[in-house]
């Protein structure tokens with residue numbers, strides 16, 4: 001009985017151990033995650049691409065900028081859309097913005113294209129014999145001299161190249177350079193044009209007025225322009241108020257120095273921007289919040305236009321000048337300018353604390369840098385800005401004017417201007433332009449929206465900082481407008497872990513993987529969590545192809561508007577390049593989806609298991625707390641690896657499907673008798689026979705080794721050895737009866753086929769016996785496991801019933817106890833309340849009884 005009890009206890013321990021092990025396996029199992037591909041998620045990366053321009057230029061206009069714009073730009077979108085990206089922070093850097101470089105190249109193209117049909121004045125690079133020209137001012141009836149205008153004669157080639165004749169023309173003193181003669185005491189009467197030794201001079205065409213029009217820069221399909229809307233953004237660093245646009249605002253390509261004209265204004269207060277305020281070599285861009293009007297005038301004059309033939313099909317325009325053509329000036333309100341300087345000083349003092357701010361004139365250089373140069377009505381003005389930058393501001397904010405001239409103390413600051421006809425071009429070294437004189441009065445009114453300043457270096461311990469007007473690098477002009485934009489590339493593919501797995505034809509070889517990229521027509525879901533953004537994939541995915549189609553329509557409209565010209569300029573090539581790039585990116589993404597087996601799907605599951613080394617965040621952290629941009633940064637280093645694993649997994653899946661389809665050829669019974677199949681049968685039969693023969697040889701060798709170890713050496717496998725009989729059993733035939741000895745020899749066979757048959761028979765019997773034994777063992781094990789499992793289930797069922805009954809009884813007892821306790825408590829409470837009420841009711845009686853006793 002004791003042994004039986006011990007055995008029964010061991011049985012229970014084994015059952016309990018099995019159940020605990022199973023429960024531990026279930027609880028310790030981690031749910032497997034799989035890579036899922038998403039198409040159309042809001043993710044972008046910084047990129048450089050070819051932008052195209054849009055403008056509202058009229059095709060019939062002859063102004064140079066508008067002619068260029070109609071050839072180069074598409075019409076603007078009448079309903080531009082701007083989508084604010086909630087919960088998005090993006091880094092901007094205005095000093096490393098490729099949009100600035102593109103605009104710089106485009107404006108150079110604008111000027112070059114405007115001047116391309118104009119005449120080069122290389123034949124005028126000859127010796128000029130000049131004398132001073134007196135000009136009559138017909139309004140005041142006075143003679144103006146001083147050598148401002150030179151009347152120069154020179155020899156020039158006519159339409160016939162071997163013929164030379166003498167001509168004369170009027171040049172301004174600033175446009176010619178004297179040539180010294182051998183005799184130093186002689187008067188300088190020999191001159192040359194100022195840029196002949198360094199530049200190729202081009203004469204501006206008569207129709208060129210250089211009047212800038214707003215130009216919008218647009219991103220091609222598959223790209224987007226991010227815009228920073230922070231009102232105090234300094235040009236670098238993170239921006240929290242971000243939106244996405246397809247095109248920038250209209251930017252006027254105004255070429256000027258020192259002062260920025262007709263640009264955009266800061267929304268709240270003045271903003272100063274510099275790549276490094278401590279480096280005095282870096283330009284400081286001042287962005288004003290209120291414009292200061294500047295009115296420039298060149299008084300009326302009469303120009304009798306004449307032209308000189310300088311070769312076949314080329315003419316040089318000059319003329320007789322009546323009136324002082326060089327007398328020009330610009331007016332600025334003193335109060336507005338001083339108020340603007342005061343606000344600029346406050347902002348500069350934030351960077352240079354407790355220092356006196358000094359504004360001074362330019363330190364020298366080319367005339368374009370020393371003066372405020374700009375174009376007004378086709379004439380190039382060079383205005384002296386000394387009066388604008390001639391003040392000192394101490395720490396208390398009080399200004400001290402550097403010049404006490406009474407004329408300056410008026411309400412208006414008047415800047416004297418000079419006009420040049422030979423201009424040093426800003427596009428690069430070695431280019432110059434001759435602007436023919438323009439008759440009549442010239443007026444232009446502009447708005448100063450910014451300043452370009454440079455800071456003097458030197459002793460850092462000095463108590464004052466000197467700022468001077470700068471400029472000359474037109475990239476700073478464009479940078480002052482493009483500071484809040486950046487171009488990004490939309491990545492339409494994204495990958496993330498999910499619990500869903502693709503159902504495929506099973507096979508063991510599998511890969512691992514996950515990650516992605518994404519596309520976005522509108523990036524409105526960029527700040528949403530991954531779970532929320534995945535619900536808008538259809539809208540965003542459609543934007544990619546529709547954006548390509550829209551861009552193609554814009555290009556075709558532009559070509560149709562110019563079909564009478566059909567000039568495929570560099571801008572036409574840019575348009576085509578942008579469209580081809582968008583199509584290529586779209587096809588590349590579709591190709592990847594096809595390779596991964598996800599064609600036409602926005603959400604595509606895979607058989608690639610998610611590796612925790614890529615990201616060990618939980619599903620809730622990923623889908624409910626992270627945006628797609630944050631997730632992209634998390635797994636960016638593993639994107640290529642996951643793409644490769646998805647591709648390998650899909651290749652394996654296709655191989656599995658191919659092998660499955662190959663089994664269909666056995667569906668037809670007639671295919672079993674194909675000669676190809678018969679050859680395959682013969683090959684399999686030969687392999688089986690060879691294997692059996694090899695097994696027979698192995699078993700024979702093992703048998704010999706076994707018998708040798710027992711001390712028995714057979715003479716031959718085919719020798720028939722008689723069986724010895726005991727002394728009590730005489731020799732006889734088999735038919736005589738009696739049990740023969742077990743040690744008798746095996747049957748002797750003759751011939752190769754008989755030997756093979758005997759071996760096959762023995763091998764089959766051996767295999768049969770072993771398989772039968774194995775089957776019996778497996779059956780016994782399964783029966784034992786089934787019985788034990790059934791007993792375990794019954795035990796668990798009884799245990800469950802027992803505990804259910806116990807829990808039920810406990811619950812009933814608990815409810816009864818609670819009911820009894822509540823009832824008793826309720827009775828006590830009622831009794832106490834009754835006593836209190838009776839006591840209160842009996843108070844008057846007790847009082848009366850007390851009074852009665854007192855009276856007695």
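Residue 1 is the first one shown; counting continues down the chain.
The backbone N, Cα and C atoms fix where each Cβ goes, and this holds for glycine too.
Copied from Swiss-Prot, the annotated features are:
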type	residues	note
COILED	633-667	coiled coil
CARBOHYD	140	N-linked glycosylation site
CARBOHYD	151	N-linked glycosylation site
CARBOHYD	155	N-linked glycosylation site
CARBOHYD	241	N-linked glycosylation site
CARBOHYD	262	N-linked glycosylation site
CARBOHYD	289	N-linked glycosylation site
CARBOHYD	331	N-linked glycosylation site
CARBOHYD	338	N-linked glycosylation site
CARBOHYD	360	N-linked glycosylation site
CARBOHYD	394	N-linked glycosylation site
CARBOHYD	459	N-linked glycosylation site
CARBOHYD	616	N-linked glycosylation site
LIPID	764	S-palmitoyl cysteine
LIPID	837	S-palmitoyl cysteine
REGION	130-151	region 'V1'
REGION	362-372	region 'CD4-binding loop'
REGION	574-592	region 'Immunosuppression'
REGION	716-742	region 'Disordered'
SIGNAL	1-31	signal peptide
TRANSMEM	685-705	transmembrane segment
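Shown on the structure are the features that Swiss-Prot records.
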{"residue": "151", "record": "N-linked glycosylation site", "Cβ contacts under 8 Å, 6 or more apart": "130, 131, 132, 133, 168, 170"}
{"residue": "155", "record": "N-linked glycosylation site", "Cβ contacts under 8 Å, 6 or more apart": "126, 164, 165, 166, 167"}
{"residue": "241", "record": "N-linked glycosylation site", "Cβ contacts under 8 Å, 6 or more apart": "84, 228, 229, 230"}
{"residue": "262", "record": "N-linked glycosylation site", "Cβ contacts under 8 Å, 6 or more apart": "212, 252, 254, 446, 447, 449"}
{"residue": "289", "record": "N-linked glycosylation site", "Cβ contacts under 8 Å, 6 or more apart": "265, 266, 267, 268, 269, 270, 343"}
{"residue": "331", "record": "N-linked glycosylation site", "Cβ contacts under 8 Å, 6 or more apart": "294, 295, 296, 297, 412, 413, 414, 415"}
{"residue": "616", "record": "N-linked glycosylation site", "Cβ contacts under 8 Å, 6 or more apart": "none"}
{"residue": "764", "record": "S-palmitoyl cysteine", "Cβ contacts under 8 Å, 6 or more apart": "none"}
{"residue": "837", "record": "S-palmitoyl cysteine", "Cβ contacts under 8 Å, 6 or more apart": "none"}
Which of the listed glycosylation sites (338, 360) has the least company, meaning the fewest other Cβ atoms within 10 Å of its Cβ? 338
Neighbouring CB atoms within 10 angstroms of the CB of residue 394 (N-linked glycosylation site), all protein chains considered, total 15
Between the C-alpha atoms of residue 394 (N-linked glycosylation site) and residue 360 (N-linked glycosylation site), the distance in angstrom, to the nearest integer, is 14
Specify the secondary structure state of residue 151 (N-linked glycosylation site) as given by DSSP, simplified to three classes. strand
In angstrom units, rounded to an integer, how far apart are the Cα atoms of residue 338 (N-linked glycosylation site) and residue 360 (N-linked glycosylation site)? 14
Could you give the residue numbers and ranges of same-chain residues that sit at least 6 residues beyond the transmembrane segment (685-705) on either side and whose C-beta is under 8 angstroms from one of its C-beta atoms? 714, 756, 759-760, 763
How would DSSP class residue 338 (N-linked glycosylation site) in three states? helix
Let me know the DSSP-derived helix, strand or coil state of residue 289 (N-linked glycosylation site), please. strand
DSSP three-state call for residue 837 (S-palmitoyl cysteine): helix, strand or coil? helix
Could you find out if DSSP has residue 764 (S-palmitoyl cysteine) as helix, strand or coil? helix
